[in-house]
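Chemist: My questions will all concern the structure given below.
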């Protein structure tokens, strides 16, 4: 009977030779093997033009192996020597010796490469970076060239002079749809929402602020909500009039008042309703009533709600040469730059135009396929 193969008991080899094997077995101790505890050793790495210590055929899991390179070469890492770690049969990172004139990929804080190719670049290669939106390239330099093992110039992303710090804390309100961060790009819009039982002016519970030239626009005031008495007219229980208390027929006040850049869009027996033209925004109530003293209630104001993009006066980021045009308040556009696949994001906020730097974008092609009927 082959106890080594068939016995469920825990056995250990005491004496072993080619003909006989003597086992010591303990009954009722089943052998359990856990796959999670199994680790693989690593064979000696293959390293061209380099060497490592200590030299062995195999290395245990998690062994850290230092290595260096022959003259004219250097490790594919910062420094004249590097370290690779054995992780379950694989060396990470893989030991590699490269030309000493090559450049290691620079680790630039708050930036990313427009075209990341690997951990190192050959002598003479040029890279371009894009800083995060809250940062600008120092000296507006966003390209560097590998020259004799070093990048020139040294690229740095510094805090944008137009960026804003942490947004203001407003009583009885929270910021929604945005995780916490301590720096925001110019043009950023953040939305606040009042807590239950509170509203901002106009009865809404949500409002926004914008980052403009290092400052946040004024935040909302969340006030305790209080219900107002109904303003139905004529004693009807289902009236939908919106007249002010004491209002009379609009005919009594005579000619309808004019609102610059706005028009009357609804005439009711007891009120007028106005609407601002395109590219203008309304300030105040859109409803106007006639008072008992034959005067009109407060008229709405139609304020300019667009930005005029004038290439002859505006200061544009490098590489952007747009055509004259109008951009609506709050509208966002992507304008092409002089470089292929680069564009600048443009926004109109409170009558001012804000640009981002020209950034590399991935081109998306849309094909209209014919339909078979």
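From the backbone N, Cα and C atoms, a Cβ is placed for every residue, glycine too.
Positions annotated as disulfide bond by TrEMBL: 103-146. Among the features that TrEMBL reports, domain 'Sushi' is placed at 40-99, 101-159, 162-224, 251-304.
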Chemist: Name, in the order they occur in the sequence, the residues of the same chain whose CB lies under 8 A from the CB of residue 103 (disulfide bond) and which sit 6 or more residues away.
Modeler: 120, 121, 123, 125, 146, 149, 150, 151
Chemist: Tell me, how many other CB atoms lie within 10 A of the CB of residue 146 (disulfide bond), whichever protein chain they belong to?
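Modeler: Here the count is 21.
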